[in-house]
Amino acid sequence: MTIFDNYEVWFVIGSQHLYGPETLRQVTQHAEHVVNALNTEAKLPCKLVLKPLGTTPDEITAICRDANYDDRCAGLVVWLHTFSPAKMWINGLTMLNKPLLQFHTQFNAALPWDSIDMDFMNLNQTAHGGREFGFIGARMRQQHAVVTGHWQDKQAHERIGSWMRQAVSKQDTRHLKVCRFGDNMREVAVTDGDKVAAQIKFGFSVNTWAVGDLVQVVNSISDGDVNALVDEYESCYTMTPATQIHGEKRQNVLEAARIELGMKRFLEQGGFHAFTTTFEDLHGLKQLPGLAVQRLMQQGYGFAGEGDWKTAALLRIMKVMSTGLQGGTSFMEDYTYHFEKGNDLVLGSHMLEVCPSIAVEEKPILDVQHLGIGGKDDPARLIFNTQTGPAIVASLIDLGDRYRLLVNCIDTVKTPHSLPKLPVANALWKAQPDLPTASEAWILAGGAHHTVFSHALNLNDMRQFAEMHDIEITVIDNDTRLPAFKDALRWNEVYYGFRR
């Protein structure tokens, strides 16, 4: 069972009574056939549920109103099978607060050249019925997604499935609670921001809990539960000599397990699915949570360090979006560069907290090493290299009057040398189009040093996310040129300034 099993998408057919009951009967039959086929064959992430035909303003308004109040409904897919006068949709679309996709399709793929008549033409009017619907969306300044293609086309299936992931993620985000253990890292700007504005825009709430509250739960974990979890560590990871039974750092592993169990219990009891920590606020914890955070991220929790609640929420959102897809998604930080002509590289990592979902296939190493930051006992962590291939890094920043999503397309590469003295998980990549352009563009656009790194999602996914939440997106990829990029930032400033 995945998070998508908690939601459904409603399939709504637009028509009218002008064509008579026989035409509406055929429309209903076609709709039932298409929905059944899509649910059976299209490999969609969640179920399509066919709703009654929308043939009058009252019927359409009722469907939209019901969608708003049904928590299982993640969004609407609308098919204009015949011509459906768009003024009938105004009241419904005015109140609709769920994502909307217009499936611009028709029941038949090929025209029946020898038998086509006006009855056929009146029944299969997507070509201009869809345009009428598109006009009212543009007139109402309501942007919605559009997918064109026959309902049996695999590319159309993939695009609908991708949109469904966004719709479910948006609905889930409305219930997302972010827990900050402690506050923001002192004096850091980009990790701060307006939590009220974020809740208005995205729906997630952000609140702080004292580390002492967490410590109470951690200390309540039984030794039996700790030992059982450490047994799991033994089977899942390659333990260094220091972390094995009778090893000099074995107690640190036991404490890390206790912290993991305590954090998970605290998060479950509070209904949290994202959280932050900061090394400046660890009072009562014996070590900075490293292993615990890594494993919780792998289980689907959002996380970011230093109180960075925006990145923690974004990671959770992207975890939901990518559920079931190949590749992982993790908290990340651009840490240091390798400058070499024609082979500039970025080494990404964090103090400890990189998600094992992006790791290469061999078992991660579980080790305990000294950490100079935080002033606590040496923390346990998983050490691994990252899978290679195309990926993205994304950053969500608060500009005061709006949110900006930055996305850099990257190519993850194999680490060319061993890193015997670097005891943390890491990722190595080439930034597109090149490191000077990518880094300068990122800095000019105000991108954070914390990002969400993903092999599972791509630029199109993030474009859909930005459109669905009506936020600015700034893209850095192989097509980026700095003069045009700077112009786009200036144009966006004017555009969003007019919208205030």
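Placement of Cβ uses the backbone N, Cα and C atoms for every residue, glycine included.
According to Swiss-Prot, the Mn(2+) binding site annotation covers E306, E333, H350, H450. Cβ environment of H350 (Mn(2+) binding site): G305, F331, M332, E333, Y335, V424 lie under 8 Å away, each six or more residues apart in the same chain.
Other Cβ atoms within 10 Å of the Cβ of H450 (Mn(2+) binding site), summed over all protein chains shown, number 25. Every protein chain considered, the tally of other Cβ atoms within 10 Å of the Cβ of E333 (Mn(2+) binding site) stands at 23. Sequence-distant neighbours of E306 (Mn(2+) binding site) (same chain, 6+ residues apart, CB-CB distance under 8 A): N184, M185, V188, T191, T276, T278, F279, H450. The Mn(2+) site is set by E306, E333, H350, H450; from the centre of their CB atoms, other residues of the chain with a CB within 8 Å are A304, G305, D308, T311, F331, M332, M351, E353, H449.
Following the DSSP three-state reduction, the secondary structure of H350 (Mn(2+) binding site) is coil.
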